[in-house]
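See below for the structure under consideration.
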Amino acid sequence: GHLPTWLHGILLRNGPGMHTIGDSKYNHWFDGLALLHSFTFKNGEVYYRSKYLRSDTYNCNIEANRIVVSEFGTMAYPDPCKNIFAKAFSYLSHTIPEFTDNCLINIMKAGDDFYATGETNFIRKINPQTLETLEKVDYNKYVAVNVATSHPHYDSAGNVLNMGTSIVDKGKTKYLLFKIPSSVPEQEKKKSCFKHLEVVCSIPSRSLLHPSYYHSFGITENYIIFIEQPFRLDIVKMATAYIRGVSWASCLAFSKDDKTWFHFIDRKTKKEVSTKFYTDALVFFHHINAYEEDGHIIFDIIAYTDNSLYDMFYLKNLSKEFAENAKLTSIPTCKRFVVPLQYDKDAVVDSNLVKLPSTATAVKEKDGNIYCQPEILCEGIELPRINYDYNGKKYNYVFATEVQWSPVPTKIAKFNIQTKEMLHWGQDDCWPSEPVFVPRPDAKEEDDGVVLTCVVKTDPKDPPFLLVLDAKTFTELGRATVNVEMHMDLHGMFIPQHDMKTETE
């Protein structure tokens, strides 16, 4: 087919690519060594390249020819030949471990630079053109976080907003929202933007030793949305995991009878809204979008009723028959919550405070808390993306992978939130990746542009390809076949040509 002539730039993607090192194997798919790959669009042609992230973790493992650095689902142990003193010492030093810098989840832009990101305190700068691995950045040098998300937000000025958890720091566990400026003062050109990182706000964890796990957060024009779900890390168990011979993943637990609490932070005052809003227990990874309307905050997430999703991806479960046999016990559900921030304080107990046309409710309880229940928009989609120009604003379209009861996507979809219409693209034996929307320059409509997805074939003999769809009609414009083995990845971004520093700079 033909690619649009305006499509210039790089689709840069990240995900786990190597799961066996020497005779050792990772336990979990999300533990694999990061493999970056990119599609460069130039004058109607597409160039492919891929390269392992040369993290310290990668280098140590490859040098030892076995897994020596622990990942979330795989605990690594030092060489058994070391003497007993060295062993005892290494047990002590693993209580608060040096986390991995195997940044395998996403790509982040900060200032003019690009970083591979995971969920620890480390990120790795990379060159988006050559995929070369550059310096390692430790968030902890600039802000007291032990873990951070791989789904930051970008404001209109290009500043990065992200969240991380500060675990038992000075006797407190809290969730920190921080900002990385997009540029540094002229006279400090050599300094990194991380030196100017500022904490916008902190939210105390409801429990000192059981902070919530979270993979993303939401943003509107005036508020940050943080969901404290009853899917929690047990810090005491994590501290003893190494000695007990178990992975950190085994220290994550879902409490199905607990509440899920919503926190709203005012971006101007940097204070949390004092009313307590909550919903039933849920597990979620991805926010889709959020916006404000007539005194309400509306936010859309993809939620589950349990944490079976993570367990599906243990490599022992990922056999040849996986796609057919693996069954999620909870289907991903796209839920819309409508939260009345400005409600009538004299409203009667048990009355629904939502004043917008939606089946979502927010009921005032006698203790003053507000119990929210969602409107179900659709089911069976994951890895959602939007036209990011509409981030934090009222919007119509979600682009996502389609997953029914199996966690492996077989199609991609475009969902219209207003009309509930869904368009699909799928072909036999194809596993598409997270779809990335790229707007046409000077586009006036939300879906004017293309959708890019990498497609892996179930038969290793069939070559993978990059698919380009017209975002409006969801019909194929063209595909670029790649004659190499391509891995299934997680997340990534499209970098327009004009956002790239030239090599000489």
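Note that Cβ sites are derived from N, Cα and C of the backbone, with glycine treated the same way.
TrEMBL does not curate its annotations; it predicts them automatically.
TrEMBL lists H151, H215, H286, H491 with the feature Fe cation binding site.
Here the features listed in TrEMBL are placed on the structure.
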{"residue": "H151", "record": "Fe cation binding site", "CB count, 10 Å": "21"}
{"residue": "H215", "record": "Fe cation binding site", "CB count, 10 Å": "16"}
{"residue": "H286", "record": "Fe cation binding site", "CB count, 10 Å": "21"}
{"residue": "H491", "record": "Fe cation binding site", "CB count, 10 Å": "20"}
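Excluding H151, H215, H286, H491, which define the Fe cation site, the same chain contributes I105, N106, T149, S150, S216, F285, H287 within 8 Å (Cβ to the Cβ centroid), listed in sequence order.
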